[in-house]
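Engineer: Please see the structure below; I have some questions.
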Amino acid sequence: MLVMQLLLPFLASTAAAAAAIDSTSSSNGSDHHGSSFQAECESFKAKINVTNANVHSVTYVPAGVNISMADNPSICGGDEDPITSTFAFCRIALNVTTSSKSQIFMEAWLPSNYSGRFLSTGNGGLGGCVKYDDMAYAAGYGFATVGTNNGHFGNNGVSFYQNTEVVEDFAYRALHTGVVVGKELTKNFYPQGYNKSYYLGCSTGGRQGWKSVQTFPDDFDGVVAGAPAFNFINLTSWGARFLTLTGDSSAETFVTETQWTAVHNEIIRQCDSLDGAKDGIIEDPDLCQPIIEALLCNATQSSTSGTCLTGAQVKTVNGVFSATYGLNGSFLYPRMQPGSELAAYSSYYSGTPFAYAEDWYRYVVFNNTNWDVATWTVQDAAIANAQDPYQISTWNGDLSPFQKKGGKVLHYHGMEDAIISSESSKVYYKHVADTMNLSPSELDSFYRFFPISGMAHCANADGPSAIGQGTGTFAGNNPQDNVLLAMVQWVEEGVAPDFVRGAKLNGSTVEYRRKHCKYPKRNRYVGPGSYTDENAWECV
């Protein structure tokens, strides 16, 4: 099978993996070794002729060395998290001018174990930073891989201030430009060009993947989009609203971190067993409608104990678990799903502004560096929605062009996401179904959505959340354990995933696995084995 022909250099520490690497390569790819590949790389700079581009460097990177982060500014982490190359590749760094007031920085990593496949990575937050870990992950599988800084360096919105060109890069242009340039470099470097084009991204990267599906359907054959920051304008308004609910730490409405722990424990008490198993994980938060009043302090209790809430605090918590509405009661954004309270505190409930919302309103909506999130109202949300620069909301429900060209989307979202409510993904799925007048079985031909229980924002948390979405979540090379390989199998072999199998990792050790259902089905424990037995669950 084509999927099993993908090379696995990052597993080369085992003899079995090393043997597999030596004995396999994509029949559509090219396997370069030693000095010939190095010579091809070192002579490639003179052959690059990309419009509006300034090539900084073309460097041969051998296997087994720390990859230089000289082009990664300190605002993006610099070299604090070095990556060791487990494969040889040709590294190209360049700037591409997108307007008289904007440019992107990008890199292309062209591996010696090329599989005949192209892949673009995405970004995160308001960034701003090349996702080098994702580039290493994809290039390790033999993809010619590109990544950009999304039009500016840094994970904040300062660069947007009075510069709509940088906003345009962030909305869509940086990724699309990187794809166009990256494909040109790939075709020029490898005589056979590329056969299929893929995308892998989460959060802002998830939104970027969906923007490509909606606006540039020919860019990719397969898109893996996690925890998308789509409905972007209303997402920022949702993030701004939390401070108006909680107040600062001195407000009577403020709920302390200790009290949020009590809230979380009560939610788990009420909702954990709704899926049939008491495992500390809420499989489907849709079923969880917590009665927070159960935590009201009685006559002998004090809210200062951290174990109970005042009436004002209960109102705050209920507000968090309520949808956000705008002028005239118009729906803006769904509630925060219950189960994510512990991680969400630092981002949303701590009595301080959510930085991304603050930056978007300051530097884009109002162009006022002194704007105060505490003053946010639904009128502000209406102003932001009326702008929606370059349709950054990324909410088009008509995916017909992508469907007709044969594209595939694998969409996933963690059910404990503390940054982007997982309910937003469910709302979008239904929006696509309604817009295209397609049932779930009809959507299945090109669009499949997998809610991942026990996953926080893009990765990790309490449950079996490692699904091969990146280096730190690698849990196997079977397509059912790896969303990137599942996408390759779907595109190239026509075998679509009916489930995504996640792993609960302890370091690199798999503690247990669970099959995550394809929406709109949900997982239910039916026994008779332990909840750690994947065969004790079924999709209903």
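Yeah, the Cβs are placed from backbone N, Cα and C, and that goes for glycine too.
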Engineer: Determine, on the basis of Swiss-Prot, the cysteine among Cys202, Cys271, Cys288, Cys297 paired with Cys458 in a disulphide.
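Structural biologist: Looking through Cys202, Cys271, Cys288, Cys297, the record in Swiss-Prot gives Cys202 as the partner of Cys458.
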Engineer: Where does Swiss-Prot put N-linked glycosylation site, among Asn437, Asn506?
Structural biologist: Asn506
Engineer: Going by the disulfide annotation in Swiss-Prot, which one of Cys271, Cys297 is bonded to Cys288?
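Structural biologist: Looking through Cys271, Cys297, the record in Swiss-Prot gives Cys271 as the partner of Cys288.
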Engineer: For the disulfide involving Cys129, grab the partner from Cys41, Cys76 as Swiss-Prot records it.
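Structural biologist: It is Cys76, per the disulfide annotation in Swiss-Prot.
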Engineer: In whole Å, how far does the CA atom of Cys41 (disulfide bond) lie from that of Ala277 (Ca(2+) binding site)?
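Structural biologist: Cα of Cys41 (disulfide bond) to Cα of Ala277 (Ca(2+) binding site) measures 55 Å after rounding.
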Engineer: Which residue, of the glycosylation sites Asn49, Asn95, Asn113, Asn195, Asn367, has its CB surrounded by the fewest other CB atoms within 10 A?
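Structural biologist: Minimum Cβ neighbour count within 10 Å, taken over the glycosylation sites Asn49, Asn95, Asn113, Asn195, Asn367, occurs at Asn49.
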Engineer: Tell me, in order along the sequence, which recorded positions from Asn113, Cys271, Asn298, His457, Cys458 have their CA within 10 Å of Asp417 (active site, charge relay system).
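Structural biologist: So far as Cα distances go, the recorded positions lying within 10 Å of Asp417 (active site, charge relay system) are His457, Cys458.
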Engineer: Using C-alpha positions only, work out which of the recorded positions Cys76, Asn113, Cys308, Asn367, Cys539 is nearest to Cys202 (disulfide bond).
Structural biologist: Cys76
Engineer: Near Cys517 (disulfide bond), how many other Cβ atoms are within 10 Å of its Cβ?
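Structural biologist: So the Cβ neighbour count for Cys517 (disulfide bond) comes to 23.
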Engineer: Among the recorded positions Asp272, Asp275, Asp279, Asp417, which residue has its Cβ surrounded by the fewest other Cβ atoms within 10 Å?
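Structural biologist: Looking at the recorded positions Asp272, Asp275, Asp279, Asp417, the Cβ with the fewest others within 10 Å is that of Asp272.
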